[in-house]
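Asker: Would you mind keeping the following structure in view while I ask a few things?
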Amino acid sequence: MIDYTVFHISKRVADTFPDSSLLIVVGLILGVLLKLSNVNDSIFNLEANIFFLYLLPPIIFDAGYFMPNRALFENFGSILVFAVFGTIWNCLAIGSSLYGLGLLNVFSIKFSIFEIFLFSALISAVDPVAVIAVFEEIHVNETLFITVFGEALFNDGITVVLYQMFRKFVLIGKDKLIPIDYFSGGISFFVIGFGGTAIGLFYAFIVSFITK
């Protein structure tokens, strides 16, 4: 919070560095200081559920609240294509490439196919924070801005679902999986994805009705 406040107060810093770059540098510095300290490492462990349930929703809510609604709905189809199919394709492409490299014995450690796709799901969501900051500075056309911004917002949800699905496969174990597990994993993807959207629309309607 302190460095973010300094960033917005100091015009010279704001003109030189994007705010996302500054936050990354500060995070790296704090990480090194914590690593060099004698503090117990378990205090700073960040579990996936804490991130997905408590840290990610406020970020998505903040981004969605200030999103230009008209431009969003005018380009909603294109945004969903990039967010849903683009993210799935990205996950499959990265996972398949890493699995192929594993078959060629490029890695010194053997990973199962689901461990590889778990990692792939973790990094497949593109978050163009710096790109969005540049777009705001140079004032690109609204269609390009909302397409990139909207895709970055929606792909987080797809990534969470993919991550949880592959995580369950890893916990079960490749040798213990049966066909029904693959079927239930695919069904859960659609249930969570579309069910979460339906719940969000339902509560959005209630809030808009109450506050209109």
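Keep in mind that glycine also has a Cβ here, set from the backbone N, Cα and C atoms.
As the structure is a computational prediction, the values presented were derived from the model and not from experiment.
Straight out of TrEMBL:
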- 10-212: domain 'Cation/H+ exchanger transmembrane' (DOMAIN)
- 20-36: transmembrane segment (TRANSMEM)
- 48-67: transmembrane segment (TRANSMEM)
- 79-104: transmembrane segment (TRANSMEM)
- 116-138: transmembrane segment (TRANSMEM)
- 144-166: transmembrane segment (TRANSMEM)
- 187-210: transmembrane segment (TRANSMEM)
Asker: Quickly jot the same-chain residues contacting the transmembrane segment (187-210) by Cβ under 8 Å, restricted to those at least six beyond its ends, or write none.
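Answerer: Tertiary neighbours of the transmembrane segment (187-210) are 84, 157-158, 161-162, 164-165.
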Asker: Compare 20-36, 116-138, 144-166 by their Cβ pairs under 8 Å to the transmembrane segment (79-104) and return the stretch that comes out on top.
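Answerer: When the Cβ pairs under 8 Å are tallied, 144-166 comes out ahead.
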